[in-house]
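Asker: Take a look at what TrEMBL says about it:
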{"type": "BINDING", "residues": "His151, His215, His286, His491", "note": "Fe cation binding site"}
Amino acid sequence: GQLPTWLQGILLRNGPGIHTIGDTKYNHWFDGLALLHSFTFKNGEVYYRSKYLRSDTYNCNIEANRIVVSEFGTMAYPDPCKNIFAKAFSYLSHTIPEFTDNCLINIMRTGDDFYATSETNFIRKINPQTLETLEKVDYSKYVAVNIATSHPHYDSAGNVLNMGTSIVDKGKTKYILFKIPPSVSEKEKKNSCFKNVEVMCSIPSRSLLHPSYYHSFGITENYIVFIEQPFKLDIVKMATAYIRGVNWASCLAYHKEEKTWFHFVDKKTKKEVSTKFYTDAMVLFHHINAYEEDGHIIFDIIAYTDNSLYDMFYLKNLTKDFEEKNKLTSIPTCKRFVVPLQYDKDAEVGSNLVTLPSTASAVKEKDGSIYCQPEILCEGIELPRINYDYNGKKYKYVFATEVQWSPIPTKIAKFNVQTKEMLRWGEDRCWPSEPIFVPSPDAREEDDGIVLTCVVMADPKEAPFLLVLDAKTFKELGRAIVDVEMHLDLHGTFIPEKDLKFDTE
């Protein structure tokens, strides 16, 4: 096929690549050592490359020829031959775990720099052109967080907004929203943007010892949208996981009898909206988008009624007949919540405060809190992406992978949240990855552009390929076949040519 001539730049993707080291094997797919891969578009041609992230974790494991650094689903132990004193000492030093820098989830941009990220306090700078691994940055040196999300937001001024959980501060567990400014000038020292990190606000956790797990958050023009879900981390269990010989993932539990709380932080005043908004228990990983309309905040998310998704990716479940055998017990559901920030304070108890045309409701309770019920937009999509120019604004389109009862995507979809129309692309035995929308340079409409996805074949003998679709019609424009083994990855980003610095510092 033909690629549009304007498509110049790099599609950079990240995900777990290697799951066996020597005689040892990770328990969970999300634990694998990070493998970066990229497609470079230059004058109608596509070049592919891939490289393992040379993290400290990677280097230690490869050197020892066994897994020596713990990951979320796999607890590793130091050399068993060491004497009893060394053992006792290492138990003590694991109370607040020394996390891994195996940054395998996403790619984050700050200023001109790019980082591989996961959900620990470490991120690794990378060169997007050569995929070389550069310095390691520890968030906790600049802001009091032990874990941070892999889905930051970017504002028009070039700031990065992200959230992390602080579990160290004398039992004052809190969620911290922080802002990383772009570097001010070339002369400034390396990583200077982190020296100027600003804490925008902190939200105390409802439970000091059980903070909520979260993978992303939402943002509108004036507000940050944070969802405190009853899928929680048990800090005491986490601190003793090493001694008990269990992995950290076993310290996560879903409390289906509890509520899910919505927090809205005003970006200007840095204060939280005081009204208590909540909904029923749910588990979510991905926010799609959020915006404001007539005194309401509208946000779209993909939610589950349980946490079976994580369990499916234990490697013992990823067998040959994986697709037939493993069924999600909860299908991903795209939900729209409509939350009235401005409402009649004298409204009757039990009345619906939503005044926009929507089947979503927000009902006033006796104690003044507001119980929100969503509108169901569609089912069976995950890894959602939008045209990021519409982030925080009213929008129409979600580009996503389509998953039915198995967590492995079989199609990609374009969903119109306003008309509920769905366009799909799929071929037999094809497993596409998260679709990334790239706007065309003269875009007038939200879907003027293309969609890129990497497709891995269910049959390893068949060659994987990069697929390029017209974002409007969802028709195939072309594909670039890659004659190497490609892995299923998680997230990534497209870097236009103009944003690439050509120096090799």
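Quick reminder: no glycine exception, Cβ is built from N, Cα and C everywhere.
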Asker: Among the binding-site residues His215, His491, point out the residue whose Cβ has the most other Cβ atoms within 10 Å, with all shown protein chains included in the count.
Answerer: His491
Asker: Within 8 Å of the Cβ centroid of the Fe cation site residues His151, His215, His286, His491, which other residues of the same chain have their Cβ?
Answerer: Ile105, Asn106, Thr149, Ser150, Ser216, Phe285, His287
Asker: So for His151 (Fe cation binding site), how many other CB atoms are inside 10 Å of its CB?
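Answerer: 21, counting other Cβ atoms within 10 Å of His151 (Fe cation binding site).
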Asker: Residues with Cβ closer than 8 Å to the Cβ of His286 (Fe cation binding site), same chain and 6+ apart in sequence?
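Answerer: When sequence neighbours closer than 6 are ignored, His286 (Fe cation binding site) has His151, His215, Ser216, Ile301, Ile302, Glu382, Leu383, Pro384 within Cβ distance under 8 Å.
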